[in-house]
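Below you'll find the structure, written out as C-alpha cells, and then a few comments.
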Amino acid sequence: MSKYKRIFTIVIDSLGIGAMNDSEKYGDVNVDTLGHIAESVDTFNIPNLQKMGIANLHPIKHVAPVENPIGYQAKMAEASVGKDTMTGHWEMMGLHITKPFKTFTDTGFPQELLDELTARTGHKIVGNKSASGTEILDELGEHQIATGDMIVYTSADSVLQICGQEETFGLEELYRCCEIARELTLKDEWKVGRIIARPYLGTKKGEFKRTSNRHDYALKPYGRTVLNELKDNNFDVISVGKIKDIFDGEGITEGNKSKSSVHGMEQTLEIMDRDFTGFCFVNLVDFDALWGHRRNPQGYAEELEKFDVNLGKVLEKLHEDDLLIITADHGNDPTYTGTDHTREYVPFLAYSPSMKGHGQLETPKTFATIGATIADNFGLKMPEGTIGESVLNKLV
C-alpha cells in the first residue's frame with residue numbers, strides 16, 4: 001500500500017537558491033535568485049516557506065532560520081545540461097538531458113527556416129531576434145496590425161515565439177502558424193524545445209497586453225517519464241499551469257490551464273478538496289515570466305508573499321496521507337545582467353502532517369529525486385533509462 005495517497009508538487013518557476021558549482025560555464029557568476037530578491041526589498045514576509053525551512057537551506061535577508069522546521073529540506077542540483085523550463089521539468093520526472101535544446105538567442109533564426117515559414121503560412125516575418133515580450137510588442141505591434149506580418153522572436157530559452165493580435169491577426173490563425181512552425185522545427189538543426197503562441201490585445205504602443213490564450217507546442221519527451229508510469233498504472237495525474245504543455249500531454253490524465261500564479265494556487269486548493277489517488281503537478285509561471293525575465297526583484301518578492309498566503313491554506317488542507325513538495329525548475333535572478341535564466345540549486349521542501357521527524361537531507365545530485373520518490377511511493381519502477389534515487393524512506 002502507498003505511504004501517501006496523494007502527492008502534490010508545486011514548482012515555483014525560477015526560484016533558484018544560489019549558484020551551482022558549474023554555473024560559470026553558463027555565464028552565471030554569483031547568481032542567487034531568492035537571496036538577491038530578499039536583499040532588494042525593505043521587508044519580506046514568507047512565514048509558511050520559513051516554517052518549511054527555506055531559510056535553513058539558504059541565508060535570506062529578513063527571513064530567519066527556524067529551530068524546528070516542519071518536514072524535510074534539501075538543496076537540489078541539476079544533473080542535465082541546461083537551465084530551461086523543459087530540461088528542469090523533464091529531469092524532475094526522470095529524464096537526463098545531455099544535449100541542450102537549440103537556442104538562437106544571439107543569431108536569430110536561420111533565413112532558410114524563416115523562408116519556409118513564410119511560404120507555408122502566407123505571412124511575412126518581422127522581428128527575428130531575442131527580446132522580451134513587452135519590448136517586441138511596443139516595437140512591432142502597430143506594424144503587425146497595419147500589415148498582417150507575423151512577429152517571430154526568441155529568448156534565452158529554446159523557443160520560437162509568434163505574436164498575434166487577437167482581433168486583427170486572429171487567434172485561430174496564430175495557432176495555425178504555430179503548428180506549422182512546430183512541424184518545421186522538428187529538424188535537428190532547428191529543433192527548439194517549444195513553439196509559443198503569444199496572443200495580445202491593444203492597438204498602440206504602450207497599451208499592448210498579452211492575453212491568457214498563450215499556447216505552447218512542446219517536443220514530446222524523448223523517453224518515458226514517471227508521469228507515463230503513473231497514468232499507465234491507473235493513478236490520477238492532474239496538472240495545473242503549463243505542465244501539460246511542457247510534457248506535450250504525455251502521462252497527464254487531467255490538465256488545468258491557469259490565468260496566473262495566484263489562479264494556479266486557487267486551482268490547487270480546489271483539487272485538494274477532491275478525492276483522488278495519485279499525483280498533482282503544479283507550475284506557477286508568473287515568478288519567471290513577469291518578474292525574473294523582466295528583472296523586477298520587487299515584483300518577484302510581492303508574488304512570493306502572495307504565494308505564501310496560499311501556501312498556508314494548502315498546508316491546512318493537507319490530509320495525513322498527503323505529501324507536499326515545493327521546488328523550482330531553474331533560477332532567474334532578477335538582479336543579474338541580461339534577461340536569461342540562471343543556473344542554480346533549487347529547493348526541495350517536503351512535508352506531510354503524518355511526519356514525526358524533520359531535518360535537512362544531503363544535496364540530491366538530480367531533480368529526478370522527485371520523480372523517483374513519487375514512483376517509489378506508488379510501488380512503481382522508474383522507466384528504463386531514467387535517473388533519480390528515492391528519498392521516500394527518509395521522509396519519516
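Even glycines carry a Cβ here, placed using N, Cα and C.
Secondary structure from DSSP puts HIS330 (Mn(2+) 1 binding site) in coil. Within its own chain, HIS330 (Mn(2+) 1 binding site) has SER14, GLY16, GLU78, LYS83, ASP84, THR85, THR87, GLY88, HIS341, THR342, ARG343, GLU344, VAL346 as residues 6 or more apart in sequence whose C-beta sits under 8 angstroms from its own. Under the heading Mn(2+) 1 binding site, Swiss-Prot lists ASP13, ASP329, HIS330.
Within 10 Å of the C-beta atom of HIS293 (Mn(2+) 2 binding site) sit 21 other C-beta atoms, taking all shown protein chains into account. Residues or ranges marked as Mn(2+) 2 binding site in Swiss-Prot: ASP288, HIS293, HIS341.
In this structure the alpha carbons, written CA, of ASP13 (Mn(2+) 1 binding site) and ASP288 (Mn(2+) 2 binding site) are 6 Å apart. ASP288 (Mn(2+) 2 binding site) falls within a helical segment according to DSSP.
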